[in-house]
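Quick look at what TrEMBL lists:
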- H116: active site, pros-phosphohistidine intermediate (ACT_SITE)
- K9, F57, R86, T92, R103, N113: ATP binding site (BINDING)
- 1-135: domain 'Nucleoside diphosphate kinase-like' (DOMAIN)
Amino acid sequence: MDRTFVIAKPDAVERGLSGEILARFERKGLKLVAAELRTIDAETASKHYEEHKDRPFFGELVAFITRGPALLAVLEGPEDTWKVVRTLMGSTNPRDAAPGTIRGDLGILLTENLVHGSDGPESAEREIGIFFPAL
Ligand code: IDP
Ligand code: MG
């Protein structure tokens, strides 16, 4: 089985959409391996988003992802689970995201795009290690 890491971001929890987001992954056929409502601290957020540390929006991104509880989860599927999750998430900017995707159906702002999913097998392993080191 193949695992990936997902966050229903603070905007999703604030809007009462964290269950809806997890339900979409479950309905697709992915299995929940771990889930926890947790307020991410700035140090962990910086590590998680390390690839973006030189981008102009990095400070805003860390402030956003740490502003309140987020629902962190590890999902499992038969193969390329990260890709299945990314497809269900939709494009980064919800304005461009296709209807039927989480961001396409539920979001409108780039800065409040509801969900994170690892972007490859190496990212999945790295991110699961950051947030669920016991797995
Ligand atoms: P992804 O979440 O679809 O993988 P990334 O390019 O990895 O997209 O960006 C990480 C997160 O950073 C996005 O989900 C979004 O919340 C935020 N972000 C990306 N680009 C911008 C921007 O130009 N301004 C503000 N926030 C951004
Ligand atoms: Mg990304």
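Even glycines carry a Cβ here, placed using N, Cα and C.
Automatic prediction, not curation, is the source of TrEMBL annotations.
Shown on the structure are the features that TrEMBL records.
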| residue | record | DSSP class |
| --- | --- | --- |
| K9 | ATP binding site | coil |
| F57 | ATP binding site | coil |
| R86 | ATP binding site | helix |
| T92 | ATP binding site | coil |
| R103 | ATP binding site | helix |
| N113 | ATP binding site | coil |
* Rounded to an integer, what is the Cα-Cα distance in Å between F57 (ATP binding site) and the residue listed as 'active site, pros-phosphohistidine intermediate'? -> 16
* In sequence order, which same-chain residues at least six apart have a C-beta under 8 angstroms from N113 (ATP binding site)? -> K9, D11, T92, N93, P94, R103, G107
* Structure fact -> For R86 (ATP binding site), the same-chain residues 6+ apart in sequence with C-beta under 8 angstroms from its C-beta are G117, D119
